[in-house]
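Q: Quick one: the structure is below, and I'll ask about it shortly.
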Amino acid sequence: MDKTINQKAWFLVLPVFLVVAFSAVLPLMTVVNYSMQDTFGNNQFFWNGVGWFKELLDPSTDLGGRFLASLGRNLFFSAVILAIEVPLGIIVALSMPREGWSVAACLVILALPLLIPWNVVGTIWQIFGRPDIGLLGYVLNHLGFNYNYVSNEVDAWVTVIVMDVWHWTSLVALLCYAGLKSIPDAYYQAAQIDGASRWAVFKAIQLPKMNRVLLIAVLLRFMDSFMIYTEPFVVTGGGPGNSTTFVSIELVKIALGQFDLGKAAALSLVYNLIILIVCWVFYTVMTNAGTERKAVAQGEPAAEPKAAAAPRPAGVLKPKEGVA
Amino acid sequence: MHSIPGRRLIMALFLIFLLLPIYWLVNMSFKTNAEIVSTMTLWPHTPTLQHYRRIFTDESWYSGYINSLEYVVINTVISIAVALPAAYAFSRYRFLGDKHLFFWLLSNRMAPAAVYALPFFNLYSAIGLFDTPWAVALAHCIFNVPLAVWILEGFVSGVPREIDETAFLDGYSFPRFFIKILVPLIASGIGVAAFFCFMFSWVELLLARTLTSVQAKPIAAIMTRTVSAAGMDWGLLAAAGVLTIIPGALVIWFVRNYIARGFALGRV
């Protein structure tokens, strides 16, 4: 808003530009180049035009079938992950202790899973879920469930999802906690004076204030769950059968396993594009929702209670609409 | 008013859920392999340090930790060094293509590592960096630099412009202002950004494994290979896993007071 125009600022950005260009643009060009060609080994390349892309989007071919199947699994996985982790993260953030040493203790424990290398996360759950040596698998089997993530598809899916919830819910919780911490006490005092219910406080104060961090949380969780590779690879290896083979696993199989560079490159480009588009849609929808609410809140005078969820100055909080 | 009914119970259950698998790993790392395979015990009945001893005395094991730390530190230093001036520029100035550049930077955070594994392999082989910590450090810049710019931009924007103007009126040159005044003001932000770079570089495996073969092999790769070769040495695997958690736990302890703000990327 009050930024000054200064083209010399480019000099400050130049180092970043060079580093990222080196490690992003050059490889990306290689990918684009490969995606148009076919290789039969010996570094011999043949022009293939858009052939791979056509095959990729046609489910009747081998490549297209594998890609679309793994894409479907991946989309379903991301949807489940978001549906569980976002509400759970908000609940955990709301349950954080208020002050004292327990705050620091909770923060440290919450952040712990985030700093474990991803293959170790896989290893932890691989061990934990095994019926013979893992606590979870052992207990479940002794309770009469026939739980075995190596041979049963549903069990494999449940294991991968629970593992991801274990691994990443903390991220959502920490983000929401940061959002909650930024709410001034005056808001709560005003709500108390108005006799607002717990739910009204959540809907009219806490949720709108968490809007920004929730956007970050949803974006990060979508990106990372859509790019997931290491954890399911270590736990299930993409199996049983192909039931937990996500797009990244399929891609690495084609690129580094079969060394089918053309196919892998075409898949990479489409894959990357999907992530970009979905992120852009999320971003636009969520920021628009935010600005609309703000516009409503600013446009309407304080006496005009219209949108219940609109963030408004503390003094004019009308809790009763929030309840409805 | 701030929190919800039953919050203590919810928090306790969630923390137990987080800690139980980690406890199981620690528990296993102190058991002998015979005890792991033969009986189900909730704590080690014949505690042993043999797995840890093996890791600390066998160079092929402990060199993995050194290699990993090496590229993580290089990456963190590069990321912060290039991201700081850029964060200042994005926060204070408008210039040609600034918004596009910012989005392009962030779009690299959305690129799956699997996409870049092979081209990186070609690129770093071609320039002779393959199997050095530099290759992994530079490769990890692709997601860490945008993140560092994003976090630091939030923190720089929290510093009032008047401070810049006063410093320049006082005759500070730009580099001197940057190092003497701005950097100390956003020290916590730099700490948080460094924490994030450390974290994402430390946990990443696919690129680190693809770009190294012998000399610079990270601990994560050593774990996967040794395990598949030697059958299943569960105790050793568990001990190696526990040791990979420790650097992260130490780092968290140091930044615990800034962690919440950091996770919001300095934007609340």
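Backbone N, Cα and C define each Cβ position, glycine as well.
Got these off TrEMBL a minute ago, pasting:
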type: TRANSMEM; residues: A:12-36; note: transmembrane segment
type: DOMAIN; residues: A:71-282; note: domain 'ABC transmembrane type-1'
type: TRANSMEM; residues: A:75-94; note: transmembrane segment
type: TRANSMEM; residues: A:101-128; note: transmembrane segment
type: TRANSMEM; residues: A:156-180; note: transmembrane segment
type: TRANSMEM; residues: A:213-230; note: transmembrane segment
type: TRANSMEM; residues: A:264-285; note: transmembrane segment
type: COMPBIAS; residues: A:301-314; note: compositional bias 'Low complexity'
type: REGION; residues: A:301-324; note: region 'Disordered'
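For the listed features, I'd like the structural context: burial, neighbours, distances.
A: Within the same chain, residues 47-50, 52-53, 261-262, 264-266, 268-269 sit at least 6 positions outside the transmembrane segment (A:12-36) and bring their C-beta atoms closer than 8 Å to a C-beta of that stretch.
Sequence-remote contacts of a segment are chain residues at least 6 beyond its ends whose Cβ falls under 8 Å from one of its Cβ atoms, and for the transmembrane segment (A:101-128) they are 92, 134-137, 159, 162-163, 166-168, 170-171, 173-174, 177, 230-235.
Beyond the transmembrane segment (A:264-285), the same-chain residues lying 6 or more positions past its ends with a Cβ under 8 Å from any Cβ of the stretch are 30-35, 52-53, 55-57, 63, 67, 71, 215, 218-219, 222-223, 226-227, 247, 250-251, 254-255.
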